[in-house]
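> Straight out of TrEMBL:
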COMPBIAS  439-448  compositional bias 'Basic and acidic residues'
COMPBIAS  455-476  compositional bias 'Basic and acidic residues'
DOMAIN    21-415  domain 'Major facilitator superfamily (MFS) profile'
REGION    438-508  region 'Disordered'
TRANSMEM  20-39  transmembrane segment
TRANSMEM  60-82  transmembrane segment
TRANSMEM  102-126  transmembrane segment
TRANSMEM  147-166  transmembrane segment
TRANSMEM  178-197  transmembrane segment
TRANSMEM  233-258  transmembrane segment
TRANSMEM  270-292  transmembrane segment
TRANSMEM  299-320  transmembrane segment
TRANSMEM  326-345  transmembrane segment
TRANSMEM  357-377  transmembrane segment
TRANSMEM  389-414  transmembrane segment
Amino acid sequence: MGGAVVDTGDSGVKAPDGGWGWAVLFGCFVITGFSYAFPKAVSVFFKELIREFGVGYSDTAWISSILLAMLYGSGPICSILVNRFGCRPVMMVGGLFASLGMILASFSTSIIHIYLSTGVITGLGLALNFQPSLIMLNRYFSEKRPLANGLAAAGSPVALCCLSPLGQVLQYKYGWRGGFLILGGILLNCCACGALMRPLKAPKKTSEVDEKEKKSKPKPKLLDFSVFKDCGFLIYTVAAAIMVLGLFVPPVFVVSYAKELGNEDTKSALLLTILGFIDIFARPTCGIIAGLKWVRPRCVYLFSFAMIFNGTTDLIGSMAKDYPSLVVFCIFFGISYGMVGALQFEVLMAIVGTEKFSSAIGLVLLVEAIAVLVGPPGAGRILDATKNYMFVFLLAGCEVVLAALVLAICNMLFIKRKPQQPDPPAKMEMAITETEMEELNKEPKDNQDNGGGDNGKKQAIEHEAMAKSDDKKVEEPESIGVDSIEVENTSKKMTEPNGVVVEPESSL
């Protein structure tokens, strides 16, 4: 678990680690930004929605929760569609759904309408973009995959830095309805990103070879449930489900927390910008670290450390009582959150490999969807009951720390790493030359003839040397000596009694 898996993917083509892959990385960067930043950016409009519809914090928190639940819960549907139609058409249809949902939300007359439009329709559209983009990224990168994952994950904080202030400006100038309408138009860029997802093509082969391969290959499964047989995958799924219970809670409530302390709306929204700005640098940096030769096989433990760091930040941040304290909290939360974002899918890719990743990510996201659907609304219920943000952040921190402990401890206890290289004694035993290997292969036959043991080995080697010398004598005709005296005697013997000399060639 956590080791690097390098394979060729479904099409049998080795990952190019570059080329058009950089265009795919850019598309994945934008899609990841929209997918993760939108649930947080929409929180800027919560205060206006509370006034408009007369609802509480927990009611508005359901918007972000349903968005994330659709992003995660529709994972198996995305896997089936990708395995059936491919990544590019699925992403382009998803872009249309994402835009349509925000446009319909701008005409809402109740909070239920926003749940259905922003939460369900836009969430489904983002899901149809997010998962296929990760699948394509995994197919285009292998050796540079940790770095590629880190750079693609950086799209989330970059989009958050842009969308959060943009949402605040749109709210002031056009109201929340105009803001939703403009954001819907921005989401049409998902279609352009989907067009970048060009599938990898296998090299041209002869028709006979193609027909044989088609006959030998089994039909691909639309959803491969065999990943549940992998113990590492099960541990990862359980830990990830616990983690997302509290991972997304602080970004959703930090703006409202700052407003509750008496800060201005613009100043409060700046906290998300600070968090996102730190996150921008944390994700690629963590991707570089995860790609190091010593770290990459142990990436799961780095992921556990990132979760512990994130949970501890939540626990300490619950004590914040003023704006500077919240700024410090956002800085450290941005670092830890960036590490988690850069590593969560890299670890999953390393566990299951390229061929099963499309099914594995769909099943993981489905399990996480239940936790995402419960997390922010549950925190909102606690907030409505206690009127104290401290308990919200304490609960979130405990959940993330628990997930880290489950992942690290279970990995140490139940996952046995297969040694990639022989131990030092084994290396010493294998340190023999090719000629010695040939002699050892011949020993069994020679030992039977010569009695075995050390004396048998010596006799076998001597016998082999003598055989080689005899072969050399036979092969060299120049070594046969002919004496002139013997030739004369031979000619005399060939003389007939009548005095006629018969030549040796005619005596036959």
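Using the three backbone atoms N, Cα and C, a Cβ is placed for every residue, glycine included.
Because the structure is a prediction, the values reported are computed rather than measured.
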> Contact between the transmembrane segment (357-377) and the transmembrane segment (233-258) is defined here as three or more C-beta pairs under 8 Å separated by at least 6 residues; is that satisfied?
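When sequence-distant Cβ pairs are counted, the transmembrane segment (357-377) touches the transmembrane segment (233-258), since at least 3 lie under 8 Å.
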> Name the range, of those listed as 102-126, 299-320, 357-377, that has the largest tally of Cβ pairs under 8 Å with the transmembrane segment (270-292).
299-320
> Counting Cβ pairs closer than 8 Å, which of 178-197, 326-345, 357-377, 389-414 has the most of them with the transmembrane segment (147-166)?
326-345
> May I ask which of the stretches 20-39, 60-82, 102-126, 357-377, 389-414 has the most CB pairs under 8 A with the transmembrane segment (299-320)?
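That would be 389-414.
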> Tally Cβ pairs under 8 Å between the transmembrane segment (20-39) and each listed stretch (60-82, 178-197, 357-377), then give the stretch with the top tally.
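It is 178-197, which has the most Cβ pairs under 8 Å.
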